[in-house]
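For reference, TrEMBL has these:
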TRANSMEM  81-106  transmembrane segment
TRANSMEM  189-207  transmembrane segment
TRANSMEM  219-237  transmembrane segment
TRANSMEM  243-262  transmembrane segment
TRANSMEM  274-294  transmembrane segment
TRANSMEM  306-329  transmembrane segment
TRANSMEM  341-359  transmembrane segment
TRANSMEM  365-386  transmembrane segment
TRANSMEM  398-416  transmembrane segment
Amino acid sequence: MKVENSDVPTIFNPRKPRLSQSNAVLTSDHRPYGPFSHVLSRSESLCQPEDVEQVEQCQRRQLGVFKRLKNKCCSKHARKVYYGLCVTFFVTASWVGATHAIKYLYMYHPTKYPVLTGSGFNFSSIHQQTLMTYNAPFFTTWFCTNWTVLFFPLYFFCQLGSPNYQTPTDILGESVRNFRDRGFTAAHFLTRCCMFCMLWVFTNYLYIHALSILVATDALALFAINVCCVYLLSWVILHDQFVGVRIVAVILCSTGVALLAYMDAGITNKKKTMTGVLLAALAAAGSAVYKVMFKKMIGDATYGQVSLFFSLIGLLNAALLWPVCLVLYFSEVEILHWDRLPWMILLSASTLSLVANLLGNLSVAFTYDIFITFGLITAVPVSAAIDITIHDVQFYGMKLAGIILISIGFLLVMFPNNWPEYIFRLLRNIILLSHSARLFRSLVRVQKID
């Protein structure tokens, strides 16, 4: 038997009222009897036009909420946040990997060989002497810096493969033209490149040399204070806005550095530890000077300019500083055994360092700068987990307190200039959400009662 769709009364297809049936009043003689009589009466009450309109309004409201949620989740701001989380992950991984690879160079399994002491053939005097196979922080710095030559070639091929196709001449001309438009002559530009090359090498040398003394996590935490140094220099040199909470962050970071400097109780260890802390802190300060001076002297550079600048730094480093490596090698200031050189570890450290620098300087095109900076502090707990599980390092007392203070100071200095307004918005949204949840619970309770 075929039933018309309009003859079936449902919530979404209500029966249109007819004078002969819908307006009829059921008396006691016409009311349904049986075990399902209450269900029939309930279904008739749900099929009233007023209830149908309310249901349709609820459905439209839900669809509107879903559309707004979809627009927010797929907006340009949301995509930048998603990219930012990925950038934070890769910055953390590459920064931790490069630091621990360099640290492992100093911990590379040394060779032990027998040495005969005393006179004659007294074999009881034979003992094992450890041969250090690698202790060359400047050579490591020079080797890793050479890899920055790849900045501009990678940018060049990415531009060639982008949807906005440009010819090779246009890409190179655009990168050079912006420097020329700012009044840079060739001699003036190369002079500044040499200055920044020396500053870059000096900063990285201090950090890599500090890794020969300190635990990798301590060096990472100390280098993270460069964010506070950048703020202080930007406030003095670039005349950035004064923010009180950032001064508190600087004080906390300074206290953390002092605690790390005095974390060892022994006199000999204390002097060695203080030297390592001083080297890492100077490396952080040198990194801050590099960033602020680049902003002051070069200004807002395009991605092509940044790539060209870093490639020139790598070329100048390879062309000018190799004699220093030879002098340090032949004077035995740095120890290198070419037949036992850990090339795979050195190549891994260089590759990871290149990835970290690429993400730190070019990923601003896809996300916000705060996600890149945040990768420096998230590297500290990840590195601590590696040190605890692999190297049996213990974090307690002054060392733990110093790392925690530096981390808190790092987070405080990342507060925006109008941070009270953000906190007010956050509190207001929390209050609105609590009111909405309370209203929703009351509506659900009323529906259950009905």
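Using the three backbone atoms N, Cα and C, a Cβ is placed for every residue, glycine included.
Between the transmembrane segment (243-262) and the transmembrane segment (398-416) there are 3 or more Cβ pairs closer than 8 Å, counting only residues 6 or more apart in sequence, so the two stretches are in contact. The transmembrane segment (398-416) and the transmembrane segment (274-294) are not in contact, since fewer than 3 Cβ pairs between them lie under 8 Å (pairs 6 or more apart in sequence). Contact count against the transmembrane segment (306-329) (Cβ pairs under 8 Å) is highest for 189-207, out of 81-106, 189-207, 219-237, 274-294, 365-386. Through the fold, the transmembrane segment (274-294) approaches residues 196, 199-200, 202-204, 206-207, 209-210, 212-214, 218-219, 222-226, 229-230, 232-234, 237-238, 257, 260-262, 301 of its own chain, all at least 6 residues removed from its boundaries and within a Cβ separation under 8 Å.
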